[in-house]
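Shown next, in structure tokens, is the structure this report addresses.
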Amino acid sequence: MKKILVIGDLIADYYLWGKSERLSPEAPVPVLEVKKESKNLGGAANVANNLISLKAKVFLCGVVGDDLEGKHFISALKAREIDTSGILTDKTRCTTLKTRIIAQNQQIVRVDKEIKDPLNADLRKKLLDFFTEKIQEIDGVILSDYNKGVLDFELTQKMITLANQHHKLILCDPKGKDYSKYSHASLITPNRAELEHALHLKLDSHANLSKALQILKETYQIAMPLVTLSEQGIAFLEKGELVNCPTIAKEVYDVTGAGDTVIASLTLSLLESMSLKDACEFANAAAAVVVGKMGSALASLEEIALILNQTHPKILPLEKLLETLEHHQQKIVFTNGCFDLLHKGHASYLQKAKALGDILVVGLNSDNSIKRLKGNKRPIVSEKDRAFLLASLSCVDYVVVFEEDAPIKLIQALKPDILVKGADYLNKEVIGSEFAKETHLMEFEEGYSTSAIIEKIKRTHND
């Protein structure tokens, strides 16, 4: 179980749910007939709550007011088994409270009660002391900045410096214009509007997105800069090139807290040694779960697995693939096949193909295509499952299913730098080679084939 230290602004989320069917006689405003009330953990506490849902151990550090809301807040945290030993009480401020009025599942107004003044020197010192005490025993740090006074410039920089000195991953969810506050963090997660506001740069093109992320990396020394783009997913840099990790299509009911879910799931994914690309895919799946619920919702590992099993961000229709790769300057490698009963020979072949370039696109024969080519008893594994298995390989960047017997239209549209086929195509015409800059024939690993596996299963069954 990973241990995560979360520091930031603590917010109590209060919801009034009901229906509104008339206007007030006192003013032209709707009247809400309250049917239900609920309280949620918000801000940095929602990040902590998301981490708990993902099976992490969480230490939460922040400030509440000396009031009833603060006491209820601490009790709610303890009920979720979140360590509250780093939470301080400030008698000069109220606990930040956001009240949302929901009518017919639509938010109609929000009322904020808060004090955003910076913390006094004594409280800042106590927070830093707690951070210093815990830094050696935890695996990673999240700074959840809602601009409510906890994370000022000096405290933020001291915490980032300490985390780096102890070689701890530190991620920041930023607010405000001055991103020098987050200099030298491992990763920051601004959304499009926040990054535009901070850099005074309109992120309306791939070129400007790339420029913005380069600024974060070079000017602010952010090791892994990225930007969340709502329905367009997450964009980040890989070897200096812009990469977009597409979102998982799902009906959106409420985006409240989605950013907290993203940074929580990114942190745990990276601590589990996932690549940034795979971590973003996991975070997109987690976000897809929570936006399908009302309020500051949570995503469980089981729900995320269900989303990923339903689809996979690497599995794209041709039109979406072309849109994704439109501005890539990296070398694209393409190969295709049935990949029925995925085995070591397939994996070895795909790893070698990926090594020839930067992005590996795999064209996958559909079920109908395989039946025409190999008979009605094939495929053994459905196209949905075959596509998911291929997409799960780290060497595969994208999978495209095609219905034709041969992927000529796919290759013509993609125009790969390198077209890879098996060495059994020696002295044969390689379909689509005229649309690729280079054709490479590759040996298969001996002793592995789907047909041989099927025959072995038959023999074993007959015995």
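Glycine is no exception: its Cβ is also placed from the backbone N, Cα and C atoms.
Quick look at what Swiss-Prot annotates:
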ACT_SITE  ASP260  active site
BINDING   ASN191, ARG192, ALA193, GLU194  ATP binding site
REGION    1-315  region 'Ribokinase'
REGION    334-463  region 'Cytidylyltransferase'
Alpha-carbon distance [ASP260 (active site); GLU194 (ATP binding site)] in Å: 15
Site with most surrounding Cβ atoms, counting all protein chains shown within 10 Å, from the recorded positions GLU194, ASP260: ASP260
Local confidence of the prediction over the region 'Cytidylyltransferase' (334-463), expressed as mean pLDDT: 88
Beyond the site residues ASN191, ARG192, ALA193, GLU194: chain residues whose C-beta lies within 8 Å of the centroid, for ATP: PRO190, LEU195, GLU196, HIS197, VAL227, THR228
Rounded to the nearest Å - Cα separation of ASP260 (active site) and ASN191 (ATP binding site): 12
Around the Cβ of ARG192 (ATP binding site), the count of other Cβ atoms that are within 10 Å: 18
List of residues, in chain order, with Cβ under 8 A from that of ASN191 (ATP binding site) and at least 6 apart: VAL227, THR228, LEU229, SER230, GLY259
